[in-house]
Amino acid sequence: MAKKKFSALEISLIVLFIIVTAIAIALVTVLATKVPAVEEIKSPTPTSNSTPTSTPTSTSTPTSTSTPSPGKCPPEQGEPINERINCIPEQHPTKAICEERGCCWRPWNNTVIPWCFFADNHGYNAESITNENAGLKATLNRIPSPTLFGEDIKSVILTTQTQTGNRFRFKITDPNNKRYEVPHQFVKEETGIPAADTLYDVQVSENPFSIKVIRKSNNKVLCDTSVGPLLYSNQYLQISTRLPSEYIYGFGGHIHKRFRHDLYWKTWPIFTRDEIPGDNNHNLYGHQTFFMGIGDTSGKSYGVFLMNSNAMEVFIQPTPIITYRVTGGILDFYIFLGDTPEQVVQQYQEVHWRPAMPAYWNLGFQLSRWNYGSLDTVSEVVRRNREAGIPYDAQVTDIDYMEDHKEFTYDRVKFNGLPEFAQDLHNHGKYIIILDPAISINKRANGAEYQTYVRGNEKNVWVNESDGTTPLIGEVWPGLTVYPDFTNPQTIEWWANECNLFHQQVEYDGLWIDMNEVSSFIQGSLNLKGVLLIVLNYPPFTPGILDKVMYSKTLCMDAVQHWGKQYDVHSLYGYSMAIATEQAVERVFPNKRSFILTRSTFGGSGRHANHWLGDNTASWEQMEWSITGMLEFGIFGMPLVGATSCGFLADTTEELCRRWMQLGAFYPFSRNHNAEGYMEQDPAYFGQDSSRHYLTIRYTLLPFLYTLFYRAHMFGETVARPFLYEFYDDTNSWIEDTQFLWGPALLITPVLRPGVENVSAYIPNATWYDYETGIKRPWRKERINMYLPGDKIGLHLRGGYIIPTQEPDVTTTASRKNPLGLIVALDDNQAAKGELFWDDGESKDSIEKKMYILYTFSVSNNELVLNCTHSSYAEGTSLAFKTIKVLGLREDVRSITVGENDQQMATHTNFTFDSANKILSITALNFNLAGSFIVRWCRTFSDNEKFTCYPDVGTATEGTCTQRGCLWQPVSGLSNVPPYYFPPENNPYTLTSIQPLPTGITAELQLNPPNARIKLPSNPISTLRVGVKYHPNDMLQFKIYDAQHKRYEVPVPLNIPDTPTSSNERLYDVEIKENPFGIQVRRRSSGKLIWDSRLPGFGFNDQFIQISTRLPSNYLYGFGEVEHTAFKRDLNWHTWGMFTRDQPPGYKLNSYGFHPYYMALENEGNAHGVLLLNSNGMDVTFQPTPALTYRTIGGILDFYMFLGPTPEIATRQYHEVIGFPVMPPYWALGFQLCRYGYRNTSEIEQLYNDMVAANIPYDVQYTDINYMERQLDFTIGERFKTLPEFVDRIRKDGMKYIVILAPAISGNETQPYPAFERGIQKDVFVKWPNTNDICWPKVWPDLPNVTIDETITEDEAVNASRAHVAFPDFFRNSTLEWWAREIYDFYNEKMKFDGLWIDMNEPSSFGIQMGGKVLNECRRMMTLNYPPVFSPELRVKEGEGASISEAMCMETEHILIDGSSVLQYDVHNLYGWSQVKPTLDALQNTTGLRGIVISRSTYPTTGRWGGHWLGDNYTTWDNLEKSLIGMLELNLFGIPYIGADICGVFHDSGYPSLYFVGIQVGAFYPYPRESPTINFTRSQDPVSWMKLLLQMSKKVLEIRYTLLPYFYTQMHEAHAHGGTVIRPLMHEFFDDKETWEIYKQFLWGPAFMVTPVVEPFRTSVTGYVPKARWFDYHTGADIKLKGILHTFSAPFDTINLHVRGGYILPCQEPARNTHLSRQNYMKLIVAADDNQMAQGTLFGDDGESIDTYERGQYTSIQFNLNQTTLTSTVLANGYKNKQEMRLGSIHIWGKGTLRISNANLVYGGRKHQPPFTQEEAKETLIFDLKNMNVTLDEPIQITWS
């Protein structure tokens, strides 16, 4: 409850009262004694009403009037400053006072260090030491010395007792007069044991007296009071002790920011007080005098408890020394020794008895607030949290339910119906009410007597004034009040009766007792006479308590209770109230445990009640500090403790409350509560997800938590446990207090800072598993950066423990009926243990009466034993263990057997095993409680875990398999499982060294011949080096290479930092494993293992490298270029070869490109990408493990991993490394026509004229190699001699022209051929190694003067008519110069062109010239052309080696720019890549414009310089469908300018319908070209078809041209930032798993969805509608579908197109070509989302200049829709062309159903009223701006209403 808010008048009166009181006291003392008042307080004159009853003055030594001789001070030289014991603790020191007290005066440069400290003349001497009662007894006589506070007691008695082997007590009392002692009901006198049987020795020094307690085992001194004097006066007791270490914990209640105490001269006052916790040392609600310390890494610890309830302070200084300064009572110390910190806590709790066993429902979540205002509000909060499915057991009401805040009443107006509401709560959970101790003295609201007060008066139950008979009147919430004296047995009877009577009205279930420090809003009492009793209310020494006034905000210190004066028992008020409430609960709920929550506590309070940490504030700091408070109360024996989640005072925030609810779900006591006047903060108010999720986990773990409370009750163990209790051998754990444990086994890591998703967390030395995934974490005894996004808290299970669980529900009543389960977290020895306690959850003495079930669990040797050690709770036997999850197994599980003890084991088939994460999940068990059971699991070798060890060409037999060392197991003919596979223990390399670095890891591997018994192809490399580099936080590299010899590495430059740049925020963790060797990469956020090569089969041989990795899911995409059957890879035992080849697309046929890159989606929705930078021939095998195996025939392993976390972000990260894609010119997005086999220029000219006449959009014309003379590059044939003039003509019309170039240069010419001759001069051609001989393959060029015979076979034609050609070596500098000149000369001397199409650059060869014949053979180096044993799974011609099939010989040589040589064997797959950039450079240097290069062969980074088409496809429906897959894949690979030849290259379609669909689909390829071949296909250009098809072609192409501004903007986004243009649905909707396999639909960017028909004879198409708002592009209408499959109508002339709500698409009216369309009006399509919001951008430039973005020569405009306002913002204006920026119309889609009557346009600083039309049924609104001269290069704003 909140601190009372005083008015300004009240504050003024209080201050005035204090001043007047102080003056009065001073005057009284001066007048009465004629000496200064300060001396009188130190030595008061005894009076009948001023003497504490506990300390009669007659036993005190009078204060001396003469100053004794000063004591001896230590020499200044070498004085131990930190050992000074302060001699003036009550005020700022002065030299005069110091000398008066006989102390040493030495000022210091720091005021926290005492300037005045004790000399050796204070204290006591010990005399008459005798042995008795298992201890010593001695008289201690005061050493004559000046007094500090007067009334020093001359002689005291020391009594020691060796109570137990690990507990020692010493007590110092007044032998002559009974002083006040704490009447603790559970602390019993002990008989003690002989000193010889203890763990400690005790030494008492006599002159001066001091006592030491020494641990026998190591002679460590645990307590040494010789460091300071003993002072013992009537109202001031002081003793100091030196501590054995700096690590101490405890004392309370206060706000301690850290669990370990700060030793730097800190004062902590202890005196119970109603005070708001804050950033200070104020005394708070409790009085806890216990502390403990740890001595060393052996765990040996100690504790000290002072049994004293008087006001005191403890002073801690760095030595370390603790000084107690106490205002009364006696000194009664208990010292505990334990072998561990946990043992010390257990021993302390044994002194005052262990905590009560809570009811099971007490562990459920509770919801409360101060001042709901009415029962209706409470009901609404309950309703919404129930509806949200929040696990929630108890609703609490604060004092606002009462009538005028009177106890045992309820407000019958605001809370009318409360009894019925309580009954409803019982049907769903529990109801808790608050009770304060203060009882109003006023009548009820209706004027009736307040019977609770009346009955209390009758029984004389109140705390009285100093006369012992007059009830003391204070003030609290009800107004003027009296206070029950709970130390009086009559009061306990009255209180129990009142509780019972009220329960008869309102059936509550538990009691929350508050304000019991005890709190009063007036100082002392209404009658101020008590405050004038100086010695109690103004003692000579007042500890550093808040206000420095003993009765501040409480009762007068001379008030009388049954146990004594308030001066002595004040701090016991809450403790005694808890005892009384416990007895009341026993009456109200006979034999039930109920629930008691108290604010004020004392040692032993946990036996009676639970505690919360008080009226905290909604702040991040207080959330953090709450962990220390929780851990401290675990020390104090109050394990059911927690802070108020989300904070009590001040408005919380959503983020703070979310994070606090995550933490609060793991407080032992979990409650959300806040104060009046502040915002609501119940879980359902902020949204249920995070709160519900973690409360559900809490409820799942309640059997574990309940068992921990059983152990706390039985053995005094802690529940919320600091690290040091479990990991005391690790000094890092001694200071950790931002994380904690549940018991020994659950690690909780909360987020305690705003805006943070990465937490610096310490992971102790154990095996840990992610609770939510079961995945084993690699961390151990290290500080890590734990990724915890907004909806996550860190939860980790400790290996070696078994956690009982239960299927959760929304209340414990419901959940207790659900099946039980076990989570077994195995340790390093594959062992674990655990326990379950189960009873009815509420009976008072179920443990004492043995009415419970107790299990112990253990695992060893692959066997889990569930041993029921006690069973006397019959009702519990209906429950059963149904599930068991085992984490951290090392081997796969083949079978499970289960059985009850002494019965036959039976096979159990209901289990799954996660091989990747080694998690066994067993379901459908039926282990009823009370029985004992065994579960055994047997290891297996799953088919899915078999990695083939015979990938060679040909079929293996059992003999060849076993000879190699493989395992053999025949499989059925239908199975793809390999019959030959690696043994699981296969481990040919030993990890010999590993070196973690801040920037990565390095390691060395050594071939281990005895283990390398499997002989893989070629010779193994003996020594390998592993290098892991942490590049940016979202990317890493790991590389395996020959440590002793340089091997070929790919000479392709990547954009990676020169030095790693990652920080502790990186998204991944990497481990290098051994036995077997492997690299593991985990995503920090989920713990998911996303790369795990710790698998059999790793090999690194000279010409055979193999590595396998597990995949995190079955969702994998990429690898190419190969025709795939779907976008998602089929992992059912498929192998795909990669080696660039002149191969038309076909199933499993390696084709033109080489892309060893994949992207994987993890089951959680995260994505990552992996690139293997290797250019040698390879294949990859997928298997359903899921796993992937790479095999390559050379180079090294050089992997790059991109962590995303979304598919599109992972793709962008990959593109950033390989280079962002080239920006095509605007015209390159237009429709393009080509054909292989144009006969002459006239045929092309006729086509062009027909297309223009039909007004079909069309931008680019091509010619294939037919335009050349005999297919010779840089020539024009006779039939095309007029082609240059035709090209000039159409270019004037705005058209563009692209010509083809193949790399092969003929060497058989009889006439001058400059291209060849200059090539010879420049030495540009590929040669045989170590010679000057050119390699002479044959390709397209024909021999001169040869007649072509078209009747012979292809091979015969190659021999008869094809010329010998030389291939330029594009790696050479000289070649780049030569190529640039040939292109330049051709452009300037023969014909103009705008782009270049480079073909046949795999490179393709039809054969090799050998001895006058074309043979598919090479000169030598058979191991290169026919790699030993293994060849990747590649397409070959019969009789050919895989490497040389349609390729140059592998031993031919290339020269790199640095002059080094490489073999075709290594760089074959780079040939096309090496040609693309020189071609683009030459094109741009020649034309001065951007141009475009289209390359058939590609490799990673090709997209930086060129586009690609999908090759020589077929006119089939199958190829149409496959084109979508290829287009999506090439976007992944960084080549967004991609398309297939529309309608195919080969074969006639046979049906016009295929053309209909082909042109519809092709209109939405980024690269839209038709290019059939003459020999196999009819003309397919639009004008070659009937009029209907022509119109349909025109219609769909006009849609494309309309959208080109949007599409061009998407190409710019990819060029500037990477990412896809043609986008899979999953890239935008990755959290919707339905999208993960879709490829027959695609997106343009984020906003435009294409759903084509790709099957014959269909007039409908079924497509998925992702979870967003979608509009039909053709109509603008909202289709009102989300997240479902839907069948759309698809007539032959229509393709389904949809625009995504929330986006704005810039468009432009179409025209015959882009040159003309760019001059038409722009328009905007504004598609509103469900919130009437949308955004979009437009990128504009001149469409053809080079590097416009890089040079700032562009316009960038941002559009935003907000409800009914559309604005544009010009972000960049480096390109100005108003003609191209004219805005003609704006189309608003999804505007809403209200009719629009008014619109305003603000443009150019003026307001306009634009004309508009609307269709209310479609919710569309169209603004016509054509007559308003609006251009987009200036901002606009349109509003409508």
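Cβ coordinates come from backbone N, Cα and C, glycine included.
Note that the coordinates shown come from a computational prediction; the quantities given were computed from them, not determined experimentally.
For 1-12, the entry in Swiss-Prot reads topological domain 'Cytoplasmic'.
Annotation source Swiss-Prot lists topological domain 'Lumenal' at 33-1841, citing sequence analysis.
According to its DSSP assignment, Asn109 (N-linked glycosylation site) is coil. Positions annotated as N-linked glycosylation site by Swiss-Prot, on the basis of sequence analysis: Asn109 (among others).
According to Swiss-Prot, the region 'Isomaltase' annotation covers 120-1013.
In the three-state DSSP classification, Asn464 (N-linked glycosylation site) falls within a strand. All protein chains included, Asn464 (N-linked glycosylation site) registers 19 other Cβ atoms within 10 Å of its own Cβ. Annotation comment: Swiss-Prot describes Asn464 (among others) as N-linked glycosylation site, evidence class sequence analysis.
Secondary structure from DSSP puts Asp514 (active site, nucleophile) in coil. Here Swiss-Prot flags Asp514 (among others) as active site, nucleophile.
As annotated by Swiss-Prot, active site, for isomaltase activity applies to Asp615. Within 10 Å of the C-beta of Asp615 (active site, for isomaltase activity) there are 24 other C-beta atoms, taking all protein chains into account.
Asn758 (N-linked glycosylation site) is surrounded by 21 other CB atoms, counting those within 10 A of its CB over all protein chains shown. Here Swiss-Prot flags Asn758 (among others) as N-linked glycosylation site, drawing on sequence analysis.
The N-linked glycosylation site annotation in Swiss-Prot covers Asn765 (among others). Counting every protein chain shown, 13 other Cβ atoms lie within 10 Å of the Cβ of Asn765 (N-linked glycosylation site).
Taken from Swiss-Prot, the feature N-linked glycosylation site applies to Asn910 (among others), supported by sequence analysis. Around the Cβ of Asn910 (N-linked glycosylation site), 12 further Cβ atoms fall within 10 Å across all displayed protein chains.
For Asn1240 (N-linked glycosylation site), applying a Cβ distance below 8 Å and a minimum sequence separation of six or more within one chain yields Arg1279, Phe1280. Residues or ranges marked as N-linked glycosylation site in Swiss-Prot: Asn1240 (among others).
Taken from Swiss-Prot, the feature N-linked glycosylation site covers Asn1345 (among others). Cβ contacts within 10 Å of Asn1345 (N-linked glycosylation site), excluding its own Cβ and spanning all protein chains shown: 9.
In three-state terms derived from DSSP, Asn1359 (N-linked glycosylation site) belongs to a helical segment. The N-linked glycosylation site feature in Swiss-Prot is assigned to Asn1359 (among others); the stated evidence is sequence analysis.
Per Swiss-Prot, the feature active site, nucleophile maps to Asp1399 (among others). Cβ neighbours within 10 Å of Asp1399 (active site, nucleophile), excluding its own Cβ and spanning all shown chains: 23.
For Asn1485 (N-linked glycosylation site), applying a Cβ distance below 8 Å and a minimum sequence separation of six or more within one chain yields Ala1380, Tyr1384. Reduced to three states, the DSSP call for Asn1485 (N-linked glycosylation site) is helix. Among the features that Swiss-Prot reports, N-linked glycosylation site is placed at Asn1485 (among others).
The annotation N-linked glycosylation site is assigned in Swiss-Prot to Asn1513 (among others) on the grounds of sequence analysis. Its Cβ taken as reference, Asn1513 (N-linked glycosylation site) is surrounded by 26 other Cβ atoms within 10 Å in the chains shown.
Over all protein chains present, the Cβ of Asn1359 (N-linked glycosylation site) has 17 other Cβ atoms lying within 10 Å. Ranking the glycosylation sites Asn109, Asn1762, Asn1829 by how many other Cβ atoms lie within 10 angstroms of each Cβ puts Asn109 at the bottom. When the C-alpha distances from Asn1513 (N-linked glycosylation site) to the recorded positions Asn765, Asn1359, Asp1399, Asn1762, Asn1829 are tabulated, the minimum falls on Asp1399.
Secondary structure from DSSP puts Asn1762 (N-linked glycosylation site) in a beta strand. Confidence in the topological domain 'Lumenal' (33-1841), given as mean pLDDT, stands at 92.
In this structure, the CA atom of Asp514 (active site, nucleophile) is 21 Å away from the CA atom of Asn464 (N-linked glycosylation site). Asp615 (active site, for isomaltase activity) sits 102 Å from Asn1345 (N-linked glycosylation site), taking the C-alpha atoms as the reference points. Of all the glycosylation sites listed here (Asn758, Asn1345, Asn1829), Asn758 has the Cα closest to the Cα of Asn765 (N-linked glycosylation site). Taking the Cα atom of each, Asn1345 (N-linked glycosylation site) and Asn109 (N-linked glycosylation site) are about 108 angstrom apart. According to DSSP, Asn758 (N-linked glycosylation site) sits within a strand segment. Among the glycosylation sites Asn109, Asn758, Asn910, Asn1762, Asn1829, the residue whose Cα lies closest in space to that of Asp1399 (active site, nucleophile) is Asn1829. The Cβ neighbour count for Asp514 (active site, nucleophile), using a 10 Å radius and every protein chain shown, is 27.
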